[in-house]
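Asks: Input: one structure, supplied below.
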Amino acid sequence: MGGRSSCEDPGCPRSEGRAPRMGCVKSRFLRDGSKASKTEPSANQKGPVYVPDPTSSSKLGPNNSNSMPPGFVEGSEDTIVVALYDYEAIHREDLSFQKGDQMVVLEEAGEWWKARSLATKKEGYIPSNYVARVNSLETEEWFFKGISRKDAERHLLAPGNMLGSFMIRDSETTKGSYSLSVRDFDPQHGDTVKHYKIRTLDSGGFYISPRSTFSSLQELVLHYKKGKDGLCQKLSVPCVSPKPQKPWEKDAWEIPRESLQMEKKLGAGQFGEVWMATYNKHTKVAVKTMKPGSMSVEAFLAEANLMKSLQHDKLVKLHAVVSQEPIFIVTEFMAKGSLLDFLKSEEGSKQPLPKLIDFSAQISEGMAFIEQRNYIHRDLRAANILVSASLVCKIADFGLARIIEDNEYTAREGAKFPIKWTAPEAINFGSFTIKSDVWSFGILLMEIVTYGRIPYPGMSNPEVIRALEHGYRMPRPDNCPEELYNIMIRCWKNRPEERPTFEYIQSVLDDFYTATESQYQQQP
């Protein structure tokens, strides 16, 4: 195994799995499960009390029949894992290990598994997204499990990769099949990514072109490293694989306020402030502090439990809460801040149109997941999208708008209500649905393509309401392609049922520049 990048960007798309599981793509072959809970808080416990994650479905323990899969035999190949990265224990019950170390898994549930080192015989908890089954494809540098074609392109076009950088990934369309993605360059489009379907033989082998067949994917990779043999490029090095974010601490859902050290104020909104903080001296987080009285603790906890269950790599991950007023919401830290601030910054204002389209596609992917889960955001705008160091966009504050009790916000004519982003039926009748989110997404597209300009420039809220009633829609900016503006206009249909689904919007934005081309290269 070659050396992996030591980057540990919390926003890296590869650092987390797709919904509804948590962990990086490396952990997506796991069964659904809970965080390991080793100690329940008791009434007479001294010191800070940590309340376990209420969304956990099971607890680990010696009598837990679900802690390992059926047919579990300790020490069998199924239970031996190899470390993909170094891990230094940050809790007393954790097990430190070096990349390449082998361990036998004793209990598994969710993000933390109990394991024993084969070398030292020590036992402890390990982050499941730092290991892979021994002799599995996940141990190969070039294999990216569960990654989409679009995210494969984002990875391969990221800094640190070169001509011929490649990955093999699961096929999105054919279960049990694979695709090869390769970084290429052509004078017309610049840096691009080409995709090749890897087909299977009845005998169990693999091929891209029937002229060359291989007994394993490893053999296939070695062959195309020697020469391109019909591919766009000879394979050079595996795609850079950033170190995934460590899973959140076990049993830490409702946490004590003193476990957070506030370090830098990042911004202030209508209902509180956002801070960069350190949790328990070892994990950088973002903390949203809610003004006392802005929502009831009971309503917040109920909504937070629901928000916690929405796990997707284009949604900001909710880690923990402080449930006494003032309420604190603890999430993953996103280095570039809000998309609105980023677009107005020097770096953001230089982003080319294809990157702006990519931001839009990422947000639509997260909203398509919210749509699929029958959830509603209610406050979708650039200020509520966060951006990671590697320019991954994630949706924040989903669901919070529903439980805010501030009259200036709940009264739809109030000064704090985001009129310019809100669908007419939500303004007039309080009818919030996924289709009113689609309207807001159209406004968000306009924010993105104008680099953070306020919608309906020069118009007051009452003027916007009157204009919309008379059929007014914002005109197309000069730099906005007709195809993108057409999406906005469809999002702003008067009748909610005539607006497109987020699933459809995502499909259009993902292939915005390649809709007329085959996504996969044809082999002779």
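Just so it is clear, glycine is given a Cβ too, placed from its N, Cα and C backbone atoms.
When I checked Swiss-Prot for this same protein, it listed these features:
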BINDING   Leu266, Gly267, Ala268, Gly269, Gln270, Phe271, Gly272, Glu273, Val274, Lys288  ATP binding site
DOMAIN    76-136  domain 'SH3'
DOMAIN    142-239  domain 'SH2'
DOMAIN    260-513  domain 'Protein kinase'
MOD_RES   Tyr50  phosphotyrosine
MOD_RES   Tyr207  phosphotyrosine
MOD_RES   Tyr409  phosphotyrosine
MOD_RES   Ser460  phosphoserine
MOD_RES   Tyr520  phosphotyrosine
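Mind mapping these onto the model and telling me what they sit next to?
Replies: Classification of Leu266 (ATP binding site) by DSSP places it within a strand.
Secondary structure at Tyr207 (phosphotyrosine), as computed by DSSP, is strand.
The secondary structure of Ser460 (phosphoserine), as reduced to three states from DSSP, is coil rather than helix or strand. Every protein chain considered, the tally of other Cβ atoms within 10 Å of the Cβ of Ser460 (phosphoserine) stands at 11.
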Asks: A 10 Å Cβ contact count, applied to the binding-site residues Leu266, Ala268, Val274: which residue has the minimum?
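Replies: Among the binding-site residues Leu266, Ala268, Val274, the lowest count of other Cβ atoms within 10 Å belongs to Ala268.
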Asks: In Å, rounded, how far does the Cα of Tyr207 (phosphotyrosine) sit from the Cα of Leu266 (ATP binding site)?
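Replies: Just about 51 Å between their Cα atoms.
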Asks: Taking DSSP states H, G and I as helix and E and B as strand, how many residues of the domain 'SH3' (76-136) are helix, strand and coil?
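Replies: Summed by class, the stretch gives 6 helix, 29 strand, 26 coil.
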Asks: Quick check on the domain 'SH2' (142-239): DSSP residue counts for helix, strand, coil, in that order please.
Replies: 18 helix, 32 strand, 48 coil
Asks: Under a three-state reduction of DSSP output, how is Val274 (ATP binding site) classified: helix, strand, or coil?
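Replies: Once the DSSP labels are grouped into three classes, Val274 (ATP binding site) ends up as strand.
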